[in-house]
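Have a look at the structure below, then the notes.
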Amino acid sequence: MSLQDSSPASTAGKSSPAASGGPSLLARLANPRVYCALLALSLLVIIPAWSGSTFVIHVFVTICVFGALATAWNILGGYAGQLSLGHTVFYGIGGYTAALLLDSFGLSPWIGMIGGAALAALVSVGIGYPCFRLRGPFFSLATIAFLEVVRLLAIHFNGLTGGSAGLVVPLQIGWPWMIFREKINYLYIAFGLLLLSLAVSYAIRNSRLGYALTAVRERDSAAQAAGININGVKLWAIAISAALTATVGTFHAMYMTFLEPATLFSLATAIEIAMFALIGGLGTVAGPLLGTVLVVPLAELARGWLGASANGLHGFVYGTVLVVITLTLPGGLVGTFGPFVTRLIDRLPGGGRTRPETVAPAAKLVGGTVGEPVLKATNLVKRFGGLVATDNVSLTLKRGEILGVIGPNGAGKTTVFAQLSGFLAPNAGTVELLGQDGKWHQPKTPDAFARLGIGRTFQIVQPFGKLTVLENIMIGAFLRHRSVDDARAVALRVARTVGLYELKDVEAGTLPIGGLKRLEVARTLATEPTILLLDEVMAGQSQSDTLKMVELVRAIRDSGVSVIAIEHNMQAIMSLSDRIVVIDSGKVIAEGAPETVVRERRVIEAYLGEDFVHAQGL
Amino acid sequence: MDVLIQLVLNGILLGSMYAIISVGLTLIFGIVRVVNFAHGEFLMVGMYAAYLLAAKFGLHPYAAAVPIVILLFAIGAAVQRFLIQPLLGAEEHIQIFATVGLSTALVNLALLVFGADLYSIPPSAAQGSVMVGGFSLVKGQLVMFVCALALVAGLHLFMQSTALGRAIRATAQNRNAALLMGVKVDQIYVIAFGIGAGCVGLAAALVMPLYPVTPTIGTYFVLTAFVVVVLGGMRSMYGAFFGAMIIGLVDSLSGYYIAPDLKEVVYFALFLAILIFKPTGLFGLGRGTE
């Protein structure tokens, strides 16, 4: 078995969204997914333009605005899984920045729009940085609290914002001032902003950042092991989302020509935005817009026909639809019906084409001299309360060797691994890595360890359950490859190497344990590590799979990678390892060649007890 | 000095109102592990019920407390049974959206039925005040203070010394272990949610003589209740009680010493600071971000 086995398979079954560097523009337009989407989108302008009614135009402007807001929200709420219920902070910042710049300095709202977006991005990072450590509902509550604080401050500082009484936008008509007599012009801008949001959302979905966000949402530990800076990517998501939201906020404020804190920093609107995204389908490109298209006209029509007597009707409908969706279609409309519709669309002329597999960039050969130390752990101590889980452990890994770590259950092997990969900080002692630059480094975070070449698997498997096997491996491959095509190609090569190629399009959550263990190895290998930490990868494998795994680990080592393996499968670890370290009760009790270590009295004691040692007369 | 003492007394009395609302929220979060974003709307429903009972049957809200608590218990139990229970295995964001959706639907239903007008019951003795040692105390708030103490004491006795209370605590600590011990966990959740909502029913009956009801009154109170619950460490009834007292004091003191319209800014800032820097709550009684 060779790691360089990269012959592109002739049957690339998976059709996937176009990515950068793909086919030409014209060729893309011939794809039914593209022309159907563009046709559907253009209806948002064609219908109101054809009808000519101001009310219809207003409804469509509202759809475009909320579609754009929900799409922008989805970048944070859907892709990154951070449910902001205070997103109107950014919308309001966009509105007020532009209105105040216009009011005080006579600056065009187009400039204010950019200023508002920049300010919102800045504020969002200030909100995100402390709040991203909060889990689930507490993040949502914190965003609500920020929104309330901003709203109350906007009311309080009425000298600046006009307070509760509100602020009227100076009425200068024309494109530079974003205020028009012809309502259709508003629609053009709203539609343009919607396209912008969709384009950004689509680009992120199909980029390294999009995959990283999905990984973080699904499982942050595995994402870190794949070298993703989890806070960094979330901050990018909130900043982009906030900037887009503020941009739309500027336009909407100009459209309404009146700003008051209650509408611009409205909690109800913030909830509606999130709601539209969920109804359409969280984490999908089309979902947020679809949700908006579905429920906004209902509400606007009710308001138009029934007037004030229907006060509350639209909110009641929104709330009820949301509850029904959570109970019946938790994936939203796109999550539930999307695959079916996509199949139908692919039957149209020009559809169903599969993308050719690109050839993976050659795996980098690991340089350096075989036998030189590449990892040094010195006097590691880790305490959990009164328990000393790691008690003064030192070990050195040499380039190109396979170091086996054995020890009875609860001996502290996995705790040592966690410290060697940055997941636990030792109470005392250091972990040093030899970088590609030939210098020694002491990284602090798991993603920094990964970037320096540590690849680890988890004893308790950590798949990204909702992603396919191939996408799981791609998350690893993105560590060394920026482009989606390269990452895919590398992932395919790794999938073949570990024997997961046939399962590449299967949802990872459905794999049996043996497959999941191999997926752990595959995702880690895809990061192209120089040091591989394997935590019980043989467990749960069949006899023949264990043999394959042993072969695989040898092949990895032969490509220049150094390996540390924790294993309970004695036969496998003894035949595999060049050297063995035995850990018991947090201490290293023996070290040496496999055949000598197993004869040591202390090792036999640790595994079988003193009584056994006495009985055997050893 | 007298002003300060008066403000502190006001704060404690105000805190007892938040305590009653927050204890219910804490129970639901601590046991069912669901953040009930519709909690404020339960209060709003209870207040409209109190208003209707007073307007149609001339029943004083204090007398109406019993039927309102029963009504809210039933609503809470139904929400758990038909909305939360089917979603217990679902992803967290779905649970959040479910109660957020319920909250939105209830606010707007009230808007449809009652309009945006304020409704209050005819003035009663509860709005009057008594002088104690030179300090003026609102009678209705004194009643709340006594009820808050009685509620926490009653719940404490119930949790510690009844079989049902033990089953509830067991379920809160480890759902699966409780299940293995034969506790009917789903039933426990329904009861716990009902009790949590029932507490809000009590709050509604006590609040009605002092505040007019509007469709959005729940949002106003529940955000404060969330602040309280976070201060108290999220899981602890006692933490929530003391958290409520602190928020009452902050409200009363910052309203006087800083600016009346900025008092909420002060406690939201406190809320964010606690969430971010001390997620176990002020008293270290919970584990907020786990």
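Our numbering is plain: 1 for the first residue shown, then up by one each step along the chain.
For all residues, glycine too, the Cβ spot is worked out from N, Cα and C.
As annotated by TrEMBL, transmembrane segment applies to B:12-35 (among others).
Residues 28, 32, 34, 38, 42, 45-46, 49-50, 53, 95, 98-99, 102, 189-198, 200-202, 204-206 of the same chain lie 6 or more positions beyond the ends of the transmembrane segment (B:65-84) yet place their CB under 8 Å from a CB of it. Look at TrEMBL and you will find B:65-84 (among others) tagged as transmembrane segment.
The annotation transmembrane segment is assigned in TrEMBL to B:96-121 (among others).
Per TrEMBL, the feature transmembrane segment maps to B:141-159 (among others). Tertiary neighbourhood of the transmembrane segment (B:141-159): same-chain residues 12-14, 16-17, 19-20, 23, 27, 62, 126, 130, 165-166, 168-169, 195, 199, 202, 206-207, 210, 237-238, 241, 244, selected by CB-CB distance under 8 Å and a gap of 6+ residues from either end.
Residues or ranges marked as transmembrane segment by TrEMBL: B:188-211 (among others).
Sequence annotations record features per position, and here TrEMBL assigns transmembrane segment to B:217-234 (among others).
Within the chain, the transmembrane segment (B:241-259) has long-range Cβ neighbours (under 8 A, six or more residues past its boundaries) at 3, 7-8, 10-19, 21-23, 148, 152, 224, 227-233, 266-267, 270, 281-283. Here TrEMBL flags B:241-259 (among others) as transmembrane segment.
Feature annotation from TrEMBL assigns transmembrane segment to B:265-285 (among others). When Cβ-Cβ distances below 8 Å are used as the criterion, the transmembrane segment (B:265-285) is approached by residues 223-224, 226-227, 230-236, 238-239, 242-243, 246-247, 250-251, 254, 258 of the same chain, each at least six residues removed from its ends.
Beyond the ends of the transmembrane segment (B:217-234), by six or more residues, the same chain brings 18-19, 21-22, 25-26, 29-30, 37, 39-44, 47, 103, 106-107, 207, 211, 240-244, 246-247, 251, 264, 267-268, 270-271, 274-275, 280-288 to within a C-beta distance below 8 angstroms of the stretch. Only residues 6 or more beyond the boundaries of the transmembrane segment (B:188-211), in the same chain, are considered here, and those with a CB under 8 A from a CB of the stretch are 17, 20-21, 23-28, 31-32, 36, 39, 42-47, 49-51, 54, 60-62, 64-65, 68-77, 79-81, 84-85, 88, 120-121, 124, 126-127, 138, 140-141, 143-144, 147, 151, 155, 164, 167-168, 171-172, 178, 217, 221.
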